[in-house]
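Here is the structure we will look at, set down as structure tokens.
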Amino acid sequence: MSSHDISWHSPASVYFSSDLDVKRIAGKLRGCWTDLLLRQESCCERVLQKSSSSMDYFLFRLFCSLALASLLVQRADSNEILGLKIPFDPILNANTVCLTLPGLTKKQLDVCMRNPDVTASAIQGIQIAIHECQHQFRGHRWNCSSLETRNKIPYESVVFSRGFRESAFAYAIAAAGVVHAVSNACAMGKLKACGCDEKRRGDEEALRIKLNRLQLEAINRGKGMVHGVMEHFPAEALGPQDSWEWGGCSPNVEYGERFSKDFLDSRETYRDIHSRMRLHNNRVGRQVVVDHMRRKCKCHGTSGSCQLKTCWQVTPEFRTVGSLLKERLNVATLIKAHNRNTGQVENAHHTHRRRANINDLVYFEKSPDFCERDLGSDSAGTQGRICNKTSQGMDNCESLCCGRGHNILQQTRSERCNCKFHWCCYVVCEECRITEWVSVCK
């Protein structure tokens, strides 16, 4: 029997009443065979949308689902059909990552060639950082929009070549994004060079033996049947009398921090004030992730008890990282070059002002107002930006429009609406067009 027969007729014939049903449906889906091999349902979806009746819709969807399930079961054999070699995961090597990634310095290219998979995770971390930057600065005159680079290194953006407060934030959050992404990728087993944090892993076999012993003791004391109860709770809930042991898989934040330093700090080849500012802010960003790692625990034991606690570390939510760095930006310190070439920086304020702390963001160039378009200072201007005339924040029309005033315009946009869940298991939505009045900066 051919693979074609196995994939299409065997699963379907169990559910359809006659060969006529199978032939009719297979005829409509004939052009979808390659799509199904690639585990793509787009072709099936196109046929479903053209279904003439609810019964056809149900039969077509069931047929597609069965065919996909059959292909997954026979994955090893089905990959050979049509001569297709389909990898389970994308292949990450030096050619597919490093040589296709513009903007890398020579040192960064060397780091990438040694660890292309880690570099790919680092780039994902930078993208996450850019999106978080856009969230933190939404409604501000400068809103991180120039940093969006579609999975490329964003350091060619003008803001990275300046010494603004915004530059300090951009460097710090990018470094934090690399630590965050690489550390978690290690724990998820995605990278060859690292795994779980071995310092916080614990002896799994010893924990299993200990739990078995505790359960047997509970049985002997007549405390009921043996059945593990697992509940997650914050480490802060643990009282001083509670004991716990390392278990599970903690993100390898030590490796993530080290790779972030190797990959990003290697861009700096000089010891001028600009390089020192960038190195300092890179370190601040990394440290925010490290300092806000938190413990998460799981309770093991017989029903209603917690005879053994195992804990592991988790990285902070990246929204938390962004908010913490934004708070530090609000008290960032203006610096000037030190007379001695020691690589240190000092604040440019008078002696009675607060000196720069090691955990402060620092900058050396006062920011422009970002009101008018000026590519030399990474300012896109605010003309055409939507403002909120009732807001008390940075997005209020008076502030965002720089006193130029605003127009009231009618805007029409589309969004999904009236979504309904169908058993089983898909959601169908309508597309609604919404017309609203918005305030737009002149």
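Here, residue 1 is simply the first one shown, and the rest follow in order.
Positions of Cβ are set from backbone N, Cα and C atoms, glycine also.
Between C397 and the candidates C387, C417, Swiss-Prot records a disulfide bond only with C387. Sequence-distant contacts of C144 (disulfide bond), defined by Cβ-Cβ distance under 8 angstroms and a gap of at least six in the same chain, are I130, C133, Q134, Q136, F137, A170.
For C196 (disulfide bond), the spatially nearest entry among the disulfide-bonded residues C299, C311, C402 is C311, judged by CA separation. Here the disulfide-bonded residues are C401, C429, and the one with the most other Cβ atoms within 10 Å of its Cβ is C401. DSSP assigns N143 (N-linked glycosylation site) to coil, not to a helix or a strand. If you check the disulfide-bonded residues C249, C401, C419 against C387 (disulfide bond), the ones with a Cα inside 10 Å of its Cα are C401.
Closest in space to N143 (N-linked glycosylation site), of the disulfide-bonded residues given as C297, C402, C432, is C402, taking the CA atom of each residue.
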